[in-house]
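Visitor: Feature list, courtesy of Swiss-Prot:
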{"type": "ACT_SITE", "residues": "Lys41", "note": "active site, proton acceptor"}
{"type": "ACT_SITE", "residues": "Tyr266", "note": "active site, proton acceptor"}
{"type": "BINDING", "residues": "Arg137, Met313", "note": "substrate binding site"}
{"type": "MOD_RES", "residues": "Lys41", "note": "N6-(pyridoxal phosphate)lysine"}
Amino acid sequence: MTLQNFYRDTWAEINLDAIFENAANMKKHLPPEITLFAVVKANAYGHGDVEVAETAIQAGAGYLAVAFLDEALALRKKGITAPILVLGASRPEDAQIAARESITLTVFQAGWLEAAQSFLEGTVLTIHLKCDSGMGRIGIRKQEEMNEIERFLQKTKCFVLEGIFTHFATADQLDTEYFSKQLARFEEMLTWLKEKPKYVHAANSAALLRFPNAVFNSVRMGISLYGLSPSMEMKEVLPFALRPAFSLKTKLVHVKNISKGQSVSYGATYTAEEDTWIGTLPIGYADGWIRMLQGQEVLLEGGRSPLVGRICMDQCMVKLSREFPVGTEVTLIGKNGTECITVDDIAEKLNTINYEVTCMISSRVPRMYLKDGRITGVVNQLI
């Protein structure tokens with residue numbers, strides 16, 4: 001495999017076939033009339049926004065979703081023409097640019113609509129209403145709020161109400177009591193509207209995988225699009241296998257033998273108990289490979305070796321079982337021979353969730369895109 005467009009031997013590999021397969025399998029899992037929203041916020045959970053967006057659309061997604069307007073505008077600038085929903089709050093003064101770029105905004109206050117109207121200047125903005133059914137984040141909570149919004153929309157032609165949605169807080173937990181309360185609350189909220197809009201969506205990855213009765217007519221596919229389970233609890237109850245798309249790799253840039261009693265890295269936290277081969281890897285906490293990963297195993301030629309000493313900003317060190325040549329490929333996340341380190345393994349080490357692991361691999365790390373076993377593109381945001 002030839003490395004292209006970057007000058008440090010550290011990169012992430014994104015398997016677009018896996019993205020396609022996950023989206024296509026989800027489409028098969030759902031009734032054919034359901035619209036799939038592919039969630040590509042946070043640079044597609046660290047996988048690459050435009051590449052994932054294009055692949056998801058090819059697999060049958062009918063809509064894209066991002067966190068804030070900047071992310072939507074970035075997709076437009078990169079040539080994405082599919083509908084895009086901004087899930088988070090936006091400023092009223094930015095309504096015009098959203099309307100001009102055919103970007104759908106989330107709304108949950110009549111006052112926001114009134115303020116945004118003055119900025120639209122004849123353009124029409126498509127909106128989805130957000131309901132807070134129990135997440136406690138943003139959204140309409142009371143019927144009076146919904147009625148006030150509906151009355152305002154009836155007297156203006158500046159807005160098109162296209163959708164309404166909520167977000168489940170506990171759909172990834174086996175205990176369904178709170179989920180059921182939220183679902184019932186959202187169903188009640190839907191009765192507050194005189195007429196339902198085109199899209200009604202509540203199900204995130206966890207809900208759409210587990211609760212087909214909660215999908216309404218649209219769903220938002222986030223973490224499962226990337227081949228990752230919404231939670232460790234859910235891994236055993238998935239209706240179909242998810243295929244992880246993310247791998248993280250580097251290469252040995254230096255190999256040396258240190259004597260018994262010699263130490264490695266800041267703080268001298270690792271001291272060799274015997275003569276030991278040490279390799280240096282060009283990845284560190286500025287790349288998202290944070291200091292808490294000291295002691296984590298990596299894969300070389302199908303075997304496991306631990307990281308020793310503190311992880312530095314740009315480099316870290318690995319204890320080798322023998323002398324390996326400089327340039328040997330090292331897998332931090334992914335498969336190497338018969339061994340595999342998963343995103344979930346790293347999340348467990350860090351006492352966090354798989355979402356955070358892929359999101360925290362920084363823009364310093366180039367993304368290499370693979371399709372049919374071939375490199376189809378490399379994105380290096382530094383150059």
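Every residue gets a Cβ built from N, Cα and C, even glycine.
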Visitor: I need the nearest neighbour of Tyr266 (active site, proton acceptor) among the recorded positions Lys41, Arg137, Met313, using C-alpha distances.
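Guide: Comparing Cα positions, the closest of these recorded positions turns out to be Met313.
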Visitor: Can you give me the Cα-Cα distance between Lys41 (active site, proton acceptor) and Arg137 (substrate binding site) in Å, rounded to a whole number?
Guide: 17
Visitor: Which one is it: of the recorded positions Lys41, Arg137, which Cβ has the fewest other Cβ atoms within 10 Å in this structure?
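Guide: Counting other Cβ atoms within 10 Å of each of the recorded positions Lys41, Arg137 gives the minimum at Arg137.
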Visitor: Within 10 Å of the Cβ of Tyr266 (active site, proton acceptor), how many other Cβ atoms can be counted across all chains shown?
Guide: 12
Visitor: According to DSSP, which of helix, strand or coil covers Arg137 (substrate binding site)?
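Guide: Where Arg137 (substrate binding site) sits, the three-state DSSP reduction gives coil.
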